[in-house]
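Asker: The structure follows.
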Amino acid sequence: MGRESRHYRKRSASRGRSGSRSRSRSPSDKRSKRGDDRRSRSRDRDRRRERSRSRDKRRSRSRDRKRLRRSRSRERDRSRERRRSRSRDRRRSRSRSRGRRSRSSSPGNKSKKTENRSRSKEKTDGGESSKEKKKDKDDKEDEKEKDAGNFDQNKLEEEMRKRKERVEKWREEQRKKAMENIGELKKEIEEMKQGKKWSLEDDDDDEDDPAEAEKEGNEMEGEELDPLDAYMEEVKEEVKKFNMRSVKGGGGNEKKSGPTVTKVVTVVTTKKAVVDSDKKKGELMENDQDAMEYSSEEEEVDLQTALTGYQTKQRKLLEPVDHGKIEYEPFRKNFYVEVPELAKMSQEEVNVFRLEMEGITVKGKGCPKPIKSWVQCGISMKILNSLKKHGYEKPTPIQTQAIPAIMSGRDLIGIAKTGSGKTIAFLLPMFRHIMDQRSLEEGEGPIAVIMTPTRELALQITKECKKFSKTLGLRVVCVYGGTGISEQIAELKRGAEIIVCTPGRMIDMLAANSGRVTNLRRVTYVVLDEADRMFDMGFEPQVMRIVDNVRPDRQTVMFSATFPRAMEALVRRILSKPIEVQVGGRSVVCSDVEQQVIVIEEEKKFLKLLELLGHYQESGSVIIFVDKQEHADGLLKDLMRASYPCMSLHGGIDQYDRDSIINDFKNGTCKLLVATSVAARGLDVKHLILVVNYSCPNHYEDYVHRAGRTGRAGNKGYAYTFITEDQARYAGDIIKALELSGTAVPPDLEKLWSDFKDQQKAEGKIIKKSSGFSGKGFKFDETEQALANERKKLQKAALGLQDSDDEDAAVDIDEQIESMFNSKKRVKDMAAPGTSSAPAPTAGNAEKLEIAKRLALRINAQKNLGIESQVDVMQQATNAILRGGTILAPTVSAKTIAEQLAEKINAKLNYVPLEKQEEERQDGGQNESFKRYEEELEINDFPQTARWKVTSKEALQRISEYSEAAITIRGTYFPPGKEPKEGERKIYLAIESANELAVQKAKAEITRLIKEELIRLQNSYQPTNKGRYKVL
């Protein structure tokens, strides 16, 4: 016991030293156990309270941390520091209390229960302490991160503030420096002006720089200077000064040249010191070199000048040239020397020879005798070798007579069937004509011009011409539309003795570059190939302008397969005493062509075509002719579906595609071609065995040219023509062609033609055979120009492309529609329904009214006046007829006639007399009435599709529903140029409504529909008299 007491004494002493309350044990075990239980329960309660308080504090700390993360203010940082210090104090106090509890644990004589409780307490205290340590570590790490973040933020703000201060300081220094430099520069300039002046021996352009610098300095001094501008000015001035000094310093060294490079200015090279003073001075160029070389204002001026020059040149071309003021150099036309063999021939022998050569007929005096071989026409050995090389063995009938006539210098009209060699007939004399003249000099135009109606024919003639021109050293240029003009201009500028052209593009070439591309001053030989077709297609004005610009003593030659009499009078205007040579009659199909005409229904045409293709296509190439571009494309698709590879050729195809198609067809790459009449002229294809007129030709000459594509150069050919009963009017021309060519006419074709003649006679119509040559070209007069301008203005206004700077403002399309409407407006006062326009008469009034009527009838019967008189006259006529007497002409007073005429005039002028208006107002004032608004819009003169757009049932119903106005169609349609008779009116729309706004809405909707249709028609405008050929 002594030891135990001593032991407890020591613990109590230690407790006393630590400042805690001392405990003493009682000698009784029972009392000690109760005390221990009470103490353990109190400790448990304390621990639970501590844990709950610690949990609350942790949660509050976590919330505080989240709030502190979002906040960056220093006040909250200080409060956080205070909270952290308090938490540290609490943790220290908790650690001291735990140390006291651990030292006050019970000895080994305690009960198991107490020991277990103490052990559980120690374990829980150990777990709590470890958790607290982890939390403390996390809090310390977070605090360090926060402190580091705050330090970085503060450091960044401090750096930014210092940076701003340095920038402001640098700007202030630069501003001061710039002002000082400007002052120094001014002083230097003044010193340079007062002292000796530097000079460049080779460059005088910089002498004005000091004055300019002084001026700039004064201007900048007068106004507030921007520091950056001042700095840049300073740099420029220093660079100039540096360049001046370097150039001045290098002036003493002879032959010193080297580039002076700076950061701002481009390379400046000094010249040799010793230079002739008469040479051109150099130029010091700054950075803005592009501005010196290019200016949009200068470009506009150039464009305007070029346009004015082009229009002026074109106007000059359209005007005839005064050849009396131009001195042309003489030239020789007559090269023909008749050989003795031909000179010995008598006139009878000549006539017999001409008859043997397919019946050559000659008109005109002084025509030479026909030749029999190439040698007799007087051509050079080079041409003779070329003829032999290309297989021309002997002259054809047209060549035997045409070549000596042209060689004699005479103008010629050559008429021969297709494939007879007309091209060689005018080419060989042309070569002889050109070789006799001097060679071309720079800037001179051609000597010979060949004009054709189509591009394909121009290319074919060019190809034929080049066979001979290469050996002769002559240059040939083909000028036609549809391709780039720049290449053709380049070829013409290089010079060419021969030009093969289409008329439209030739005029463009003559007008290009103010006439510097080419000219007609040296032209002495003019050829018009297919002349009739050229005039028929509307090229007469262009051809005449070109021909009128050529010297009057030229030699002009015309060739064609057909030459209607109507064209001959026109052609003789440009020929001088021509000789007409005709071979084989006028417009005859070659005898080598077997012609077949089939009367067939439209639906069976394609099957018959497939039958012909199956029979003939293996033997050679085939051309199928149609009348329209749309039909050509449609037939192409049908043939492709039937597994027949083919191509189409018409005026709507691009020129490059047309050239490639013709080349492929000539080479045999493609053996089937669907074409319009664009391929009917001058197209020479070898091995062409069949021509099918899928669409019947509409005139005789067209048939001859189509059939003439086959059976050329002595080969056998076949021509089939499909004709339907609806095309009976064309049967006469086909019968004529068959008869003239000696082919039997099919019976069904004769029957079709006779039925058509009988039908026309029964209807009282005269049958007219059309030659087809009724085309009309441009007149180039004021009327056409005005129409073209109106069309352009209408299109610009519709699309909103009108330029405000145009002198002639575009006519508003709405104003045009309004003027064409010829609108008539009326407002009528109508009586309200259910009301009477007159008061109900009483008995006394009825008697008086009856007496007044009888008196009025008697007066009218005596005087025959007014409307009642007309009724009385009609009654008298009726009574006279019933009694069987004669009817006398009623007498009508002048007043009645005048009133009727006045009413007609008022109706036309839409005029209501004042008397009627006052009567209507009085009637309206006496009775309840309403106004009815009426407006009439005349639509007779609008295009047909525009009329359909607003007169269809759906359109009228839609407009009525939209505007709540009644719309009716009245009047009769009258074609342009025909005026309505008395009592009739042109077709118009009558709009009626009790609301004026409804009438206006209906009119606006009708105007909108017509305007849309007019714009659509304008955008898809196609000329009605469009030719088959497209030549630009």
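Cβ atoms are placed via backbone N, Cα and C, with glycine included.
Small disclaimer: the values here were computed from a predicted structure and weren't measured.
Pulled these from Swiss-Prot:
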COILED    152-197  coiled coil
COMPBIAS  1-24  compositional bias 'Basic residues'
COMPBIAS  50-73  compositional bias 'Basic residues'
COMPBIAS  81-103  compositional bias 'Basic residues'
CROSSLNK  Lys186  SUMO2 cross-link
CROSSLNK  Lys325  SUMO2 cross-link
CROSSLNK  Lys779  SUMO2 cross-link
CROSSLNK  Lys908  SUMO2 cross-link
CROSSLNK  Lys916  SUMO2 cross-link
DOMAIN    403-581  domain 'Helicase ATP-binding'
DOMAIN    592-753  domain 'Helicase C-terminal'
MOD_RES   Ser199  phosphoserine
MOD_RES   Lys263  N6-acetyllysine
MOD_RES   Ser295  phosphoserine
MOD_RES   Ser296  phosphoserine
MOD_RES   Ser346  phosphoserine
MOD_RES   Lys776  N6-acetyllysine
MOD_RES   Ser804  phosphoserine
MOD_RES   Lys904  N6-acetyllysine
MOD_RES   Ser929  phosphoserine
MOTIF     372-400  motif 'Q motif'
MOTIF     529-532  motif 'DEAD box'
Asker: With helix taken as DSSP H, G or I, strand as E or B and everything else coil, how many residues of the motif 'Q motif' (372-400) land in each class?
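Answerer: For that range the per-state counts are 17 helix, 0 strand, 12 coil.
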Asker: Which is it, of Lys186, Lys325, Ser346: the one of these recorded positions whose Cβ has the most other Cβ atoms within 10 Å?
Answerer: Lys186
Asker: Across the whole of the motif 'Q motif' (372-400), what does the mean pLDDT come to? Round it, please.
Answerer: 90
Asker: With DSSP helix as H/G/I and strand as E/B, how many residues of the motif 'DEAD box' (529-532) fall in helix, strand and coil?
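Answerer: The composition, in the requested order, is 2 helix, 1 strand, 1 coil.
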Asker: Taking only the Cα atoms, work out how far Ser346 (phosphoserine) lies from Lys325 (SUMO2 cross-link), in Å, as a whole number.
Answerer: 46
Asker: For the C-alpha pair, I'd like the distance in angstrom between Lys186 (SUMO2 cross-link) and Lys325 (SUMO2 cross-link), rounded off.
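Answerer: Cα to Cα, Lys186 (SUMO2 cross-link) and Lys325 (SUMO2 cross-link) are separated by 68 Å.
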